[in-house]
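Novice: Pasting a structure below so you can have a look.
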Amino acid sequence: MASDNPNSPRFKLSRLFPGRPVGGAALATPLAVWRRRTGKGRAAIFGREARRGTLLRVCGAWRALRVGPGPLAAGSRAASTGGMPTDEEQATGMERKIMDTIKKGEDPYGVYPSKPYGGTKDDPHLVPSLTNVRLVGCICEEDATETYYFWLHKDKMERCPSCGAHFKLIPCELQ
């Protein structure tokens, strides 16, 4: 039997909740709770013996046992304190700096395409970075299927091993 195996989930659940059914019936619905409480089968629910008050009390108790506040509680709590704060109001530290630079129209992560450079030794591709080292990928030809990756270091100009384009790391900071 699966529940005799100490490694099975059924065994673990039966140890956590002794006397409760484990398996498909482990999640008690209001209908199952009503059946268990009254001792009546499915026919009694739809027959004359079904008591609406008992079923409603069980449903209310089941709702009260749910974990966490309902969706209306959060809205009423927020309305009583003046509303939910926006992201800008509650952001602090590095997150706040990033949001401010995005508002200014700057690129905090270096993801926007930069202006085209010649890629020569006199006019290298400038790569902004927040750190002293950055991994760069060069797609040498327009329809190439490979990307050549290499590391750029601060104050050093690197050359792509495939096409010979020059790259230079420029430090940038979030202000």
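For all residues, glycine too, the Cβ spot is worked out from N, Cα and C.
Please treat TrEMBL annotations as automatic predictions, because they have not gone through curation.
Straight out of TrEMBL:
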type	residues	note
BINDING	CYS138, CYS140, CYS160, CYS163	Zn(2+) binding site
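In terms of burial and nearby residues, how do these features look in this structure?
Specialist: Secondary structure at CYS140 (Zn(2+) binding site), taken from DSSP and collapsed to helix, strand or coil, is coil. Sequence-distant contacts of CYS140 (Zn(2+) binding site), defined by Cβ-Cβ distance under 8 angstroms and a gap of at least six in the same chain, are TYR148, CYS160, SER162, CYS163, ALA165.
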Novice: Have a look around CYS163 (Zn(2+) binding site) and count the other CB atoms within 10 A of its CB, chains all included.
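Specialist: Other Cβ atoms found within 10 Å: 13.
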Novice: Apart from CYS138, CYS140, CYS160, CYS163, which residues in this chain have a Cβ no more than 8 Å from the mean position of the Cβ atoms of those residues at the Zn(2+) site?
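Specialist: Neighbours within 8 Å of the Cβ centroid, excluding CYS138, CYS140, CYS160, CYS163: ILE139, TYR148, PRO161, SER162, GLY164, ALA165.
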Novice: Just how many other Cβ atoms lie inside 10 Å of the Cβ on CYS138 (Zn(2+) binding site)?
Specialist: 21
